[in-house]
Amino acid sequence: MSNTFLKEFKSIWLTATAHFFFTLHPSCPTCPPLSCCDCLAHTCRRKKELKARTVWLGCPEKCEEKYPRNAIKNQKYNIFTFVPGVLYQQFKFFLNLYFLVVACSQFVPSLKIGYLYTYWAPLGFVLAVTMVREAVDEVRRYQRDKEMNSQLYSKLTNQRIPADMIFLRTTEKNGACFIRTDQLDGETDWKLKVAVSCTQRLPALGDLFSISAYVYAQKPQLDIHSFEGNFTREDTDPQIHESLSIENTLWASTVVASGTVIGVVIYTGKETRSVLNTSYAKNKVGLLDLELNRLTKALFLAQVVLSIVMVALQGFVGPWFRNLFRFVVLFSYIIPISLRVNLDMGKSAYGWMIMKDENIPGTVVRTSTIPEELGRLVYLLTDKTGTLTQNEMIFKRLHLGTVSYGTDTMDEIQSHIVQSYAQSQAAAPKVRKSVSSRIHEAVKAIALCHNVTPVYESRAGVNGETESAEADQDFSDDNRTYQASSPDEVALVRWTESVGLTLVNRDLTSLQLKTPSGQILTFYILQIFPFTSESKRMGIIVREESTGDITFYMKGADVAMASIVQYNDWLEEECGNMAREGLRTLVVAKKSLSEEQYQDFENRYNQAKLSIHDRALKVAAVVESLEREMELLCLTGVEDQLQADVRPTLELLRNAGIKIWMLTGDKLETATCIAKSSHLVSRNQDIHVFRPVSNRGEAHLELNAFRRKHDCALVISGDSLEVCLRYYEHEFVELACQCPAVVCCRCSPTQKAQIVRLLQQHTANRTCAIGDGGNDVSMIQAADCGIGIEGKEGKQASLAADFSITQFKHIGRLLMVHGRNSYKRSAALGQFVMHRGMIISTMQAVFSSIFYFASVPLYQGFLMVGYATIYTMFPVFSLVLDQDVKPEMALLYPELYKDLTKGRSLSFKTFLIWVLVSVYQGGILMYGALVLFESEFVHVVAISFTALILTELLMVALTIRTWHWLMVVAEFFSLGCYVASLAFLNEYFDLSFITTRAFLWKVCAITLVSCLPLYIIKYLKRKFSPPSYSKLSS
């Protein structure tokens, strides 16, 4: 591109969009950064109403409204709010607030128990780690925002579009360009966008600045697949009015994949489609965290009760309230501050292990706070297309009504096509009599009725830009790829190529097909009606160049096409047959139009497209006037192949006690067939198909009929589901939960998320949702644990999920192995950390009881800090490497998973056992030291503290089920650190005493009494009442 062109282009771009686009640069003087007062005022103000707008090209003075800045802001805090914000986020939780109050109490002389650093050092460490982590994340967010907001755009080529625009002009000769929308809707296929024809036809770029024109745009909306607007040019006679639709838009966050585009900005900042559709996922909290939080509150209650008992035994004498608070501070180690740190570090370790597992390559942990949830799941809600199936379509069946062709008879179709074009160089015969002519007509319809564009690798042009001239393109089959928004359409076009009719070229106005003999047939595109989820069909009107014949082709779902095509007696039956084979069906039809019919239609259609109110309804009404008595040509069947190892994976999950629900937007027959072929529903299992219901009475009758069935899978449509949930929500969910499998077809994304929430509310069990497309995001975010598959439909589900996998079969190992280990390890780690706090609090209670209930600390200063950190931290944390069952055993016996869902590893029963162990050991350690000491109190401290450290190390060894070499290293390293530190602890210990034999035998005796009974109990329990997994291991 020449410098003159770039300068001219830049001036037009910046001037034409100045009144909208100036906010892209953060240094703009008109857009100062928001102050705290502004933020407060903004928060208090009512939400600004979104309005339609008129945008003038090159006339910013005509813009009276003010619109949002186009700056991206992902930061949580600013320089003033960072510290208060982080502290609030930390201290809004009971645990941290409790420790803050305890630490602050040490500034009051009458409440002071020990050294300040004993309380402030652990709290400061926790806060410092949190602040550093938040600061690093915040700096990264700031740098990303700054980089994006500092970009100035003069042209868009292979860049993310910064704001929502109307596409005015392109360097591509056909007036269209491709964009990639993977970050907007999750779809990987390229989309074709069309420039406004009025501005594309202008002779030079400079004319954009000289014309008097404006764009009218509807108010900003959520829907990324629709847009209504008008382009008006005033300086011509008559004025030029052109309707604008979704094909004329370039939404923010999409990428221009071909050519260079020029556009006018219509929506910025918070009003862009991408920002409006940004759903902020809820902060997910794991069930284990909630259970530990309840136990923490129980410990706090026990701490308060113990303090009250101590004061009561004193007789409430003197300033008893002050003494009560001193006892609360003394026993504060009952609730360990290291609990949260250990668990968070453990979760990070589990995430690292998952991502490093070579058996599930490509797995990514995006939410590191809930790995234990993988071990507690009861319901798995899965998408069908792209999740259970590969989303790779293969053409399998063509049915003409009287004759059907499968994969083994495709060569017959090819010979008919060759014969048909050999007989006549013109189009197909108008009177369809022979099978050959009917096949020819059907294949031609499939080759024409689609949105597929053939793409060729072009030779490099000037400055690396691609030139579209045919001379520079290689039309060979090897060089051609097809781009479309649906893999079904690509499969159909590839099939027509395989039987001899090849799509070789397509632009906005024409299609070119190559016959078996190499002849090129040209068809002019007069109108195209894209597929929508509401209409469930797409159509195209073409004029054949050689004959001038105008034909309206249409294809769509059988439910939509049944009422459009002429009467026939085979369509419904054959659709059912193909669906039972697991094929996705499309009905293809045509209608020949005269010139007069088409002109009348075009006038009415253009008029409807220019209307501002109810445009969609008016356009649909005009199109429907054509969709009458169409000639049925054929029925196609395309197969979506199952993912690798879907059957054994579903069987594994079912044996693990996980109930599987399949939620899909596909039709009932296809969904039922995939459920059978994937073994979601076993062959000998009954299936209850819930009949369509539309009112309360019908729903009541159908629910009663369903209630009489036992042990059968349920298949229900989205419409019937909605009626049942409106009138009989509780009854329906109760019945559905008893089914071994449930299939919900014709489900919208909103319904998928609603089903997840219903299961959470009515069963209180943990749910997992797995999907691969943008339509699964709401379900994934609503579930307790969301898993995304990086598939053909893009990365949107993968990015929104808590865990991302590359294949469905990986979910088996993710749940059976990593879910089990994460839950078991966290349960053991959490309870052991609490045990570590309870044992020292028990010793403090015994000590205070014997010494006249004095609120004096047993251990002070570094002893308390060292006990919670360097002396015991590494062995305790090494529990994250423990495993009760080998991975192979967990996968071979998935029934072991059922025990996890009952939550027996962390319950009030196991917690009570640890409380009793702590009380026993704390009592033995303290009483033993008091009984065995001879002369000085400092000897009590030395004996009891050393025995305490040894007891904790031995208890870690008792808890471990499978040894790892790092566990052994951690045990000896901690013991070595303690022995080495004795030389520096002369402030607390008598060094001459701890080197004597008396010290050693007393410590060994106390430690033996505290630990040996527990080892004996563990041995007897394993011998006479072993856990299920140990039976399998033996």
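Quick reminder: no glycine exception, Cβ is built from N, Cα and C everywhere.
Just so you know, TrEMBL annotations never went through curation; they're auto-generated.
Listed features, source TrEMBL:
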BINDING   ASP383, LYS384, THR385, GLU489, PHE531, LYS555, ARG584, THR664, GLY665, ASP666, ARG746, LYS752, ASN775, ASP776  ATP binding site
BINDING   ASP383, THR385, ASP772, ASP776  Mg(2+) binding site
DOMAIN    63-120  domain 'P-type ATPase N-terminal'
DOMAIN    799-1026  domain 'P-type ATPase C-terminal'
TRANSMEM  117-136  transmembrane segment
TRANSMEM  298-318  transmembrane segment
TRANSMEM  833-853  transmembrane segment
TRANSMEM  859-881  transmembrane segment
TRANSMEM  911-931  transmembrane segment
TRANSMEM  937-958  transmembrane segment
TRANSMEM  965-986  transmembrane segment
TRANSMEM  998-1017  transmembrane segment
The transmembrane segment (998-1017) touching the transmembrane segment (937-958) per 3+ Cβ pairs under 8 Å rule: yes
Listed binding-site residues ASP383, THR385, PHE531, ARG584, ARG746, filtered to Cα within 10 Å of ASP776 (Mg(2+) binding site): ASP383
Highest-contact recorded stretch vs the transmembrane segment (833-853), from 117-136, 298-318, 859-881, 911-931, 998-1017, CB pairs under 8 Å: 911-931
Whole-number Å value for how far ASP772 (Mg(2+) binding site) lies from PHE531 (ATP binding site) (Cα to Cα): 21
The transmembrane segment (965-986) touching the transmembrane segment (859-881) per 3+ Cβ pairs under 8 Å rule: yes
Average model confidence [pLDDT] within the domain 'P-type ATPase N-terminal' (63-120): 81
Residue counts (helix, strand, coil, in that order) that DSSP gives for the domain 'P-type ATPase N-terminal' (63-120): 30 helix, 0 strand, 28 coil
Rounded Cα-Cα span from ASP772 (Mg(2+) binding site) to THR385 (ATP binding site), Å: 8
Cβ-based isolation winner (fewest other Cβ atoms within 10 Å) among the binding-site residues ASP383, ASP772, ASP776: ASP383
Using Cα positions only, nearest of the binding-site residues to ASP772 (Mg(2+) binding site) (ASP383, ARG584, GLY665, ARG746): ASP383
Neighbouring C-beta atoms (10 Å sphere around the C-beta of ARG584 (ATP binding site)): 21
